[in-house]
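First the structure, in the form of structure tokens, and then the observations on it.
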Amino acid sequence: MKPEVEQELAHILLTELLAYQFASPVRWIETQDVFLKDFNTERVVEIGPSPTLAGMAQRTLKNKYESYDAALSLHREILCYSKDAKEIYYTPDPSELAAKEEPAKEEAPAPTPAASAPAPAAAAPAPVAAAAPAAAAAEIADEPVKASLLLHVLVAHKLKKSLDSIPMSKTIKDLVGGKSTVQNEILGDLGKEFGTTPEKPEETPLEELAETFQDTFSGALGKQSSSLLSRLISSKMPGGFTITVARKYLQTRWGLPSGRQDGVLLVALSNEPAARLGSEADAKAFLDSMAQKYASIVGVDLSSAASASGAAGAGAAAGAAMIDAGALEEITKDHKVLARQQLQVLARYLKMDLDNGERKFLKEKDTVAELQAQLDYLNAELGEFFVNGVATSFSRKKARTFDSSWNWAKQSLLSLYFEIIHGVLKNVDREVVSEAINIMNRSNDALIKFMEYHISNTDETKGENYQLVKTLGEQLIENCKQVLDVDPVYKDVAKPTGPKTAIDKNGNITYSEEPREKVRKLSQYVQEMALGGPITKESQPTIEEDLTRVYKAISAQADKQDISSSTRVEFEKLYSDLMKFLESSKEIDPSQTTQLAGMDVEDALDKDSTKEVASLPNKSTISKTVSSTIPRETIPFLHLRKKTPAGDWKYDRQLSSLFLDGLEKAAFNGVTFKDKYVLITGAGKGSIGAEVLQGLLQGGAKVVVTTSRFSKQVTDYYQSIYAKYGAKGSTLIVVPFNQGSKQDVEALIEFIYDTEKNGGLGWDLDAIIPFAAIPEQGIELEHIDSKSEFAHRIMLTNILRMMGCVKKQKSARGIETRPAQVILPMSPNHGTFGGDGMYSESKLSLETLFNRWHSESWANQLTVCGAIIGWTRGTGLMSANNIIAEGIEKMGVRTFSQKEMAFNLLGLLTPEVVELCQKSPVMADLNGGLQFVPELKEFTAKLRKELVETSEVRKAVSIETALEHKVVNGNSADAAYAQVEIQPRANIQLDFPELKPYKQVKQIAPAELEGLLDLERVIVVTGFAEVGPWGSARTRWEMEAFGEFSLEGCVEMAWIMGFISYHNGNLKGRPYTGWVDSKTKEPVDDKDVKAKYETSILEHSGIRLIEPELFNGYNPEKKEMIQEVIVEEDLEPFEASKETAEQFKHQHGDKVDIFEIPETGEYSVKLLKGATLYIPKALRFDRLVAGQIPTGWNAKTYGISDDIISQVDPITLFVLVSVVEAFIASGITDPYEMYKYVHVSEVGNCSGSGMGGVSALRGMFKDRFKDEPVQNDILQESFINTMSAWVNMLLISSSGPIKTPVGACATSVESVDIGVETILSGKARICIVGGYDDFQEEGSFEFGNMKATSNTLEEFEHGRTPAEMSRPATTTRNGFMEAQGAGIQIIMQADLALKMGVPIYGIVAMAATATDKIGRSVPAPGKGILTTAREHHSSVKYASPNLNMKYRKRQLVTREAQIKDWVENELEALKLEAEEIPSEDQNEFLLERTREIHNEAESQLRAAQQQWGNDFYKRDPRIAPLRGALATYGLTIDDLGVASFHGTSTKANDKNESATINEMMKHLGRSEGNPVIGVFQKFLTGHPKGAAGAWMMNGALQILNSGIIPGNRNADNVDKILEQFEYVLYPSKTLKTDGVRAVSITSFGFGQKGGQAIVVHPDYLYGAITEDRYNEYVAKVSAREKSAYKFFHNGMIYNKLFVSKEHAPYTDELEEDVYLDPLARVSKDKKSGSLTFNSKNIQSKDSYINANTIETAKMIENMTKEKVSNGGVGVDVELITSINVENDTFIERNFTPQEIEYCSAQPSVQSSFAGTWSAKEAVFKSLGVKSLGGGAALKDIEIVRVNKNAPAVELHGNAKKAAEEAGVTDVKVSISHDDLQAVAVAVSTKK
């Protein structure tokens, strides 16, 4: 047959086949059999877009004809036009053609073996070359890029994955995972690259798709790939490294032709660097690695090319090394000369001096050398330590002011109150008395009211602790009233202590401070000091000795003068009487202690400390002063000296008496320092100065204290001192200061005296205590160095300079009558110890001031008081000597504690001593007799040596004994006694709320609450979570409440931040299960996590300097902006792709030239004069700090896939994690479990955001403008509702309401409000609420422009660290601190929560939002939220009865009785209705009508509960929404314990919010003295905008369930302006209370958004349900907690906390049916174990009519069938809640013992009693006898249950008698009940 005939027949056949297929039924199986079997066709070709029929034919061949073809040796081909064009047209492969041409190219002779030998050396040097050229690599055969590689790269690039992770066997649809937008992007890119695409390419495997493209692919890169490569080169390569350069390098380095270059560049595209490469070398290295990858993909060997290139390069290098340097110089000499001449000519033309810079440089060099020489000289002369030491550190801006004693007084009281209640303080000891004194020192009217409220509301019946706190409180109130107008005093009641050194049997030396036996208080201490000791006794004769000498002299004189015997006798008698008198006289008895008028000598404090507190305000009158007890012959341990004419300072009894009497008064009655202005230096922690500072503040002084180590820790220390001791009127100002700096000394004094207007204090000093010093140890004369000189400068020179500056300031202001008393720190160490540098000289030199006071002109401005400070234990200088202090005291010397020495020094500030100083300088010896110890240094050395020797001997004996013991008893003899250290293990808990015993709940909640509320209208929080700067809600709470992480907190944070991961398997060859370090893979034990990672955790969590890696490289120090510039001259050309070049031309027109580069196909672009450029510039922005999520936080850690992470905005990831954790906190491990209880339409999402996906917005605007790669569907990620959409798509699959609030900073509270409204409206039963917002540079910059945020640079200038830059409510607050994160709560109906058994963290009693007034400022704070306290008062005398819960309960009971009657009537009426229905339909009728009656009864009851329980206050102008919300649960406005403030740390907000809360409380009649405790969470977290209210809500729930109220630890000083708000307390430390009933959360957002929510403790919900229901709920929660705990820990271990859903809980077929059946519920699939909807359960009758309904209908049906013409029927309905099973009298009166036993054993005791009671009532009604009244007992009617038989009736007593009289022979009864009611029907039969 001719070919043309065959072709024509084939055409006809094809046409007929197609016509047959279109026109006839498909009979493809038969058709296949015809051409495969009948005709044995070997080549089948399908004409179509995809191999559909071909695929079927292949399957048919495999299944049916495989053995058939093998038998006949048939080889068949199944081809498709769309993919097998080459095979169909027999097109040869290009590689085959190349292979045929190859032999022709191999005509050149093969290289001989000799070619490998080295070439002979050249006879002469080669010509000099400029550089060694890079040798070209051996070229590799070219091959165009294949479509498969191009397709592979384009898909991988779009999916942001590596080539290895994109299998070519998968389809595009599979790879995108359902992301339609990404799929569309890929298809668009493919169309742009390859032109046309086959039909449905997304469903074709990539390898098949590549083959399809290859047929029409030219091998050249298309538009898309060229554009991507151009972008890669321009954005990631270094400047000048163009695509031409890249191609040239690939050609020369690797010998790759253009096609191969395309392949390498494509591979590079799929491995794009994260950031621009820094240098050309980096770019080449990158290309090298890409070339190797390409070679491995296509199977090319690059080694030969590389070796050829390397060898040639080496040869070139060798040639270059042989160049003659001299010849090169000779050649280039003339060029250099010519260039220099041209340069000089141009300079002369431009009138420039080329040597001017050189001359200036030489001059500057000489100047620098001279300055350096001076510096070197100063360093050599003064020493490095001295030069560095004098650096200035003072700054006015860093001054910290503490003066809010009014607030700390209340805080101290509350702390004391709760410490006693919690048993921390079990009795009133010295510490409590001291705290009482501090409180009295701060007494004011507000404080007294505060105490009166708390003490009057203390319930003594709760236990001894409450009794103690009430007794102490009442005493303290009286004390404060008495001292209300009295100046504060310094009074120390601590027990004086002494040194105690002990050496145990093992030779360990221990030192401790022990109370002194005979000195129990400071008054006795003063007495001890006055008495002195043997060592201080002077060598003066006693009175007796003097009298004896007088007696002897008179006797001798009498003998000479012959005195009469009578006179002698009289004289002898007189002498004898006088001696007797001296012996018995108490006037000079040194052991006699001070006598107090009206007081016992015995220490009252040791007998009864509560009485001591009561006596504190009483001033003691001293009848006999301590000075009168000073022995004549003894010098007191403390005394004043007077200068003798000889210039010595000697003990002066009179002055000392004055001083000691003053100390005594201070010890008994305290001493005030009110209106004293004091400067003190050297008052660091653990110093004498710090104790002096405490006393000054306690006495009401205003003090400036300096510190040389200014830091947050130091300022916190001083703040804690002020908070504890600061009395009313006192002020503490802390400043950085270097006493070694002259500038600092001058600046400090100027700051103190300068006016407030100029930034100074405007003070005039009354006292200066310059105690600053540095230790000098081991420095003898030959080692005097710069440190000694610097110390001398601190301790002498600059003390004098400081005094001089004060004198200068006083003189300048004309202050002549108010001299400042300078307490000079003298020392008894006048070289006694030695080896202390210039310490002794510094102290001795201060004594010159005593003379200069008289000789110079500053006596009117300064007075001098030298204090010789004795041995003071525990200070920085003396702590090493503590162990020998006891030995020193055995010598008779008195050493001192820091408190004792501070007391001594403060005694020098008493008015008596101050007055002495104004007359003449005073020298106070506070040495304790140390100066009387001879050879002190040798003695102390001896003491130390003895201690060490004793220690060593005992240690040796101990070791010897132990060895002997082991020898005798064996090595394991002590094993049983060995100490075993239990290693802690982390156990992260979910912190489900504690569920108290029901009786305890009923003691908390009012009894009337039970059954009062419609629980479907009570909204509860069942779960909450967050992602924030401190990780999760658990870890944030640890840091907020306790200020540190627990072991569990550290483990969780380390896991969150990626420091550790869990390992279960072999590790280094051994099985290991536990945590490992994520980097090293080394095991990490739980106990080591805190020590190993906590520092890093704290550094990279919370509020900190912005970390650029978290924000796309954003560095506020280099905030990027662009500026438009017009090109003034033509620029150098650069390379670009054709497409880019054309775009430049399109924009700039004739201002740009573009030309093609023929070699590469790229374009040269040249910008001409007049073109416009946008040039980046960097701005130094001043907002450098933010609250950032922990570094290392990764959504993948929680189980979120890379696909989702790459697709969504980061804020969406925060939300997804928060929602999952909130569900886990709810005990819900599978969100589909909700659909077991509710319909899919009843789960809503009301979470929202202030700005939404700001990263997406940034991509849309900034990145897109910069033409950076941005996903095409970025728009969808910017929508604020997208986050909620992802939650639904990945987790919950609900079809309920979705509402997206946008309320700026008030979004979260608005979300709660909307969620509550959504549930109350019936649109949902469960809602996800919360808020979220991100931090990005754009928002940060704009907030900064508004001056709303904290200026970091200013904060640094003020010495603030990032952690303390958010300081709500403080004097220095200066703007809010931005943060990022998400917060979520799960809220639902209380009734549903109880049924599900989920934990209930709190009740949302109220949620509201409000706007403000007319204005022009969007962010201005307002008070619109005050409307939640709106309440009409006018002249209404009595409160609304609706506020009385008993009244409301009474109304509800009445209404319940009506409902009961209605149900009974309706059920009885059913009998008549049923008679009208055909008998075959009666059962159905009764079922439906019974259900309707039940529904209506339930509806009526809920309406009644709603009216009298939930909504009684609504629309009542006399009851504020806030008051009504609390009253719903039996609470009053006084029960609102905590207010969580929005507290942004801005001046305006904190004042406005405080005023708003204060006015609410005041208007609603909150009791005076009962402020709400303010919580300011943002001090820790910063301000996350949309998430703010959610985090506050989480914190409020944690407060409710723990009773712990976190303090605002950044509140170093509360603003004075806030003192006016009496109903708010601002604590700075955490308070552990005995319970919090309710918490308010307020939130304010830009745009007139104000919001408030009230959450109430869940105990008040439990009080509203029955005990049975509560116990059932407790069991459910317990089970749920266990499963949630297991799920959570497995999730952490395996990184599976987030488990995304792949499918909805219903099939596509059931989707519409599920939506349309509100009673559709999921059930567990037996095969898969998953929760799904089953078609059997949709529109099922069982889901509407339950078993109880069937039972009730059956009873009614039986009733209708009974023939009761001679009998009676009784129907009774009882609400379950109406039976009070707690009333024992009611139970025993109406139920028999058997009935009680039966009912009590049932799962629902109350329901069983209700059913039994209902049966009794029904029986009575069926008897038809006369009632004995509503109060008649029904015990005579007994309902008997035998086994599981139906209940029977037995009548007794009066009931039996009445039945017999009525002729009743039998009674039958039926009972049914559900959660709402019990129904009983009784039928009686008569004779």
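Glycine is no exception: its Cβ is also placed from the backbone N, Cα and C atoms.
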Candidate annotated in Swiss-Prot as phosphoserine, out of Ser920, Ser1440: Ser1440
Where Swiss-Prot places O-(pantetheine 4'-phosphoryl)serine when the choices are Ser180, Ser235, Ser811, Ser1807: Ser180
Where Swiss-Prot places region 'Disordered' among the ranges 96-120, 421-445, 1446-1470: 96-120
Listed as phosphoserine by Swiss-Prot, one of Ser73, Ser576, Ser958, Ser1814: Ser958
Tally of DSSP helical, extended and coil residues in the domain 'Carrier' (145-220): 50 helix, 2 strand, 24 coil
Per-residue Cβ crowding (10 Å cut-off), top of recorded positions Ser180, Ser523, Ser1440, Ser1827, Asn1843: Ser523
Residue, out of the binding-site residues Val1773, Ala1818, whose Cβ gathers the largest set of other Cβ atoms within 10 Å: Ala1818
Cα separation, Ser1827 (acetyl-CoA binding site) to His1873 (Mg(2+) binding site) (Å, whole number): 25
For the recorded positions Ser958, Ser1872, the one whose C-beta sees the most other C-beta atoms within 10 angstroms: Ser1872
Listed in sequence order, residues with CB under 8 A of Glu1774 (Mg(2+) binding site) and six or more positions away: Lys1460, Ala1810, Gly1811, Trp1813, Ser1814, Glu1817, Gln1877, Ala1878
Cβ atoms near Gly1824 (acetyl-CoA binding site) (within 10 Å, other residues, all chains): 17
Recorded positions near Asp1772 (Mg(2+) binding site) (Cα-Cα within 10 Å), from Ser180, Lys1821, Ser1827, Asn1843: Lys1821
Val1773 (Mg(2+) binding site): nearby recorded positions from Ser180, Ser1440, Ala1818, Lys1821, Gly1824, Cα cut-off 10 Å: Ala1818
For Ser1440 (phosphoserine): DSSP state (helix, strand, coil): coil
Non-site residues, in chain order, whose CB comes within 8 A of the mean position of the CB atoms of Asp1772, Val1773, Glu1774, Ser1872, His1873 at Mg(2+): Ala1810, Gly1811, Ser1814, Ile1871, Gln1877, Ala1878, Val1879, Ala1880
Largest tally of Cβ atoms lying within 10 Å of a Cβ, found at which of the binding-site residues Asp1772, Tyr1798: Asp1772
Protein Cβ atoms within 10 Å of Lys1821 (acetyl-CoA binding site), excluding its own: 21
Packing count at His1873 (Mg(2+) binding site) (other Cβ atoms within 10 Å of its Cβ): 23
Local confidence of the prediction over the domain 'Ketosynthase family 3 (KS3)' (1123-1657), expressed as mean pLDDT: 93
Secondary-structure category, per DSSP, in which Ser523 (phosphoserine) falls: helix
Spatial neighbour of Asn1843 (acetyl-CoA binding site) that is closest, considering only the recorded positions Ser180, Ser523, Ser958, Ser1440, Ser1872 and their CA atoms: Ser1872
